[in-house]
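Listed in TrEMBL:
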| type | residues | note |
| --- | --- | --- |
| ACT_SITE | Asp27 | active site, proton acceptor |
| ACT_SITE | Asp172 | active site, proton donor |
| BINDING | His25, Asp27, His63, Asp172 | divalent metal cation binding site |
| BINDING | His63, Gly143, Phe144, Gly145, Gly146, Gly174, Gly194, Ser195 | substrate binding site |
Amino acid sequence: MLSSDFANLASEAERMLRFGADWLHMDIMDGAFCIRHFVPNLTIGAPVIESLRKHTKAYLDCHLMVTNPLDYVEPLAKAGASGFTFHVEVAKDCWQDLVHQIKAKGMQPGVALKPGTPVEEVYPLVEGENPVEMVLVMTVEPGFGGQKFMPETMDKVRALRKKYPSLDIEVDGGLGPSTIDMAASAGANCIVAGSSVFGAKEPANVISILRKSVQDAQHYR
């Protein structure tokens, strides 16, 4: 939804669901007001999630590109978030508590990793006693939409799919008709697409292409 018309967020959400989207992916970033912030951009927060929730029953897949994800658990739960995906880079020392709190608030926990982060860093979170339920592999540097897909990140997706056959693996960044086959064949089954969908003349066709690629890859795996 980062690529949507924020002035008409509710109608944009309804439009995407009507066109065939399964989830609404909400990027939550903490801005660049000090060096400790995670990405150099500021986007939506819990108040916007709460407002959108009043207009949709859709799964709100919240991706937190923030320095202190623990601070966001309760506000986002109250706002109506469905999924809460945090970055491993900022949660190495607190992920057990974080996952516990996310689940206790009725949300599904996921962990994300930037392109430069070794995939091995998320293994403990998938294999832990209280594991995450999804891994998000960033296929661009987090912070801004419209970036170019990084095919080298597919090695991480392949490694995750081989190690965890039933895991939900999400990819985010530069996904569209020209790149979806690479992601799907590598093992990704949750596809985040912004610019390629919202910028298309026929968004429904793009969503259909993305879904078919994933379904075909799963069929032949």
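Placement of Cβ uses the backbone N, Cα and C atoms for every residue, glycine included.
Any TrEMBL annotation is an automated prediction that lacks curation.
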Rounded to the nearest angstrom, how far is the Cα of His25 (divalent metal cation binding site) from the Cα of Gly194 (substrate binding site)?
9
Within 8 Å of the centroid of the Cβ atoms of His25, Asp27, His63, Asp172, which other residues of that chain place their own Cβ, given that this set defines the recorded divalent metal cation site?
Leu2, Met26, Asp61, Cys62, Thr85, Leu136, Val192
Count of other CB atoms lying within 10 Å of the CB belonging to Gly174 (substrate binding site):
23
Cα within 10 Å of His63 (divalent metal cation binding site): which of the recorded positions Asp27, Gly174, Ser195 qualify?
Asp27
Does His25 (divalent metal cation binding site) have same-chain partners at least 6 apart in sequence with Cβ under 8 Å from its own Cβ, and which are they?
Met1, Leu2, Asp61, His63, Asp172, Val192, Gly194
Number of other Cβ atoms within 10 Å of the Cβ of Gly194 (substrate binding site) across all protein chains:
21
The residue listed as 'active site, proton acceptor' and Ser195 (substrate binding site), Cα-Cα, nearest whole angstrom:
13
Which one, from the recorded positions Asp27, His63, Asp172, Ser195, has the smallest tally of other C-beta atoms lying within 10 Å of its C-beta?
Ser195
